[in-house]
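Below: the structure, in structure tokens.
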């Protein structure tokens, strides 16, 4: 049971004392208490309960950095939050069990995860994924969730009567898919406090014999047996952000020979792009610091630092693929054969054959992952040509753009250097072949700029090959001819019907063109209450309109930038929320909260 895994140790008949200034002991509660030592992502939580009751009196967070001392054979001292706590156990055996737990926790300080991760980053990371609202955001990404479901269902042969490991299980949704596909048993490993919610879902769905929730990091837990297949959703921005892929690969120590991994491989695509508006947007932000009389203060000394800071931010949004100036370069990672150390420094050599003349403002990134099953191959894509996901696409600007001509070759390299903040420094070094022109930049993938607003993605300037005005009026004329209507300045004559002036090439976004995001049946983070009457839920293919109230009062923009960003469905119009269409374009006029 999960309680036994979450609750590492429970001891009765304990007494807690506070050590005063004169080293005198003061019984904190005046009676015996029970102590429960429970799993926590940062170590463990020591919880104090009234004896014979579930009433919790106190909770002390204990990490590998917590100072603690042995005192005799039945007592131990903890120093937590500046307070010295003297714990007297009922027996020598109980005290030894408690000390053994502390030793085991200290031994985990050198786990692979802890060695590569700052404490502050890990704390923020696990806190983020411990919120139901964040799990909901990912689950409501229709493309993400449904692709995983399709990949598992269509390869049920790989799951039938198999032992499955779900790495970073979160809510456990992938574990449920595996059981539905016939898995004999699923070990759902989750390091955040979401593990307790996953266990609640397992119990309420009567699957406690099929799905075993294990609270802990895959680098630190032990499994009772080897597994046949590993499932996970470890992708971040630009595929590698969050460094969860390393945890996914680490899980292979439990994988049987010839076992499978879902996903099986990941492709990171890189392409040069042109976008003068985006470049000037970032450039002009830094020009704030060009003021010489800002409330009597000269700010110019900080302008260069501000410019560097803005251009160190990767841009998270979506774009028209026609801004790409060359075919994308693909960097592939085979998860079945790759080692986690291979992801510590990723170098991608690039050679772009320019297809059109213009200014290259930087490099665009997106990724695809493949589920290579025995029966079918399924792909999940975040390409700008596909339905929008909560990963969007990422663009990295050059502070000094390069003017390129059709037929020229732009070469160089992109290096992703892993850091202890569970992210990467992105180093770009580009050179225009046959010239002395070069441009470099280093960006901080941990600090992206989430630019997507929900507005329609405009076509690149100069995309029209015919007159849009003539095409618009020509289609109106054709419509009028079909309806046998005589028009005078758009007004019907002789009562012969009307021409719809809004149906062709307007700047208004059709209601049906919304991101392909499944809303589920509950309210969503960041969503506004619809003022529009809704109809009962219908099948997915019916494109239902669902009104939901926000479930979180936190700043959604800040919440969503650790993993993927806000699901596109959570962008709202002032009067309505339309979701689950077959297109990847957002609602016109939507606002971001």
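Positions of Cβ are set from backbone N, Cα and C atoms, glycine also.
The Cβ neighbour count for residue 219 (S-adenosyl-L-methionine binding site), using a 10 Å radius over every protein chain in view, is 20. Summarising the annotation, Swiss-Prot assigns S-adenosyl-L-methionine binding site to 135, 144, 168, 190, 219, 247.
According to Swiss-Prot, the feature compositional bias 'Low complexity' maps to 523-535.
The domain 'SAM-dependent MTase PRMT-type' annotation in Swiss-Prot covers 122-429. Taken together, the residues of the domain 'SAM-dependent MTase PRMT-type' (122-429) have an average pLDDT of 97.
The asymmetric dimethylarginine feature in Swiss-Prot is assigned to 482.
Residues or ranges marked as region 'Disordered' in Swiss-Prot: 521-540.
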Lowest local Cβ density among 135, 247, which the record lists as binding-site residues, within 10 Å: 135
In the chain carrying residue 190 (S-adenosyl-L-methionine binding site), residues 6 or more apart in sequence that have Cβ under 8 angstroms from it: 168, 169, 170, 172, 198, 213, 214, 215
Residue 168 (S-adenosyl-L-methionine binding site): tally of other CB atoms within 10 A of its CB: 23
Local Cβ density at residue 144 (S-adenosyl-L-methionine binding site) - other Cβ atoms counted within 10 Å: 22
Distance in Å spanning the most remote Cα pair of 135, 144, 168, 190, 219, 247, given for S-adenosyl-L-methionine: 26
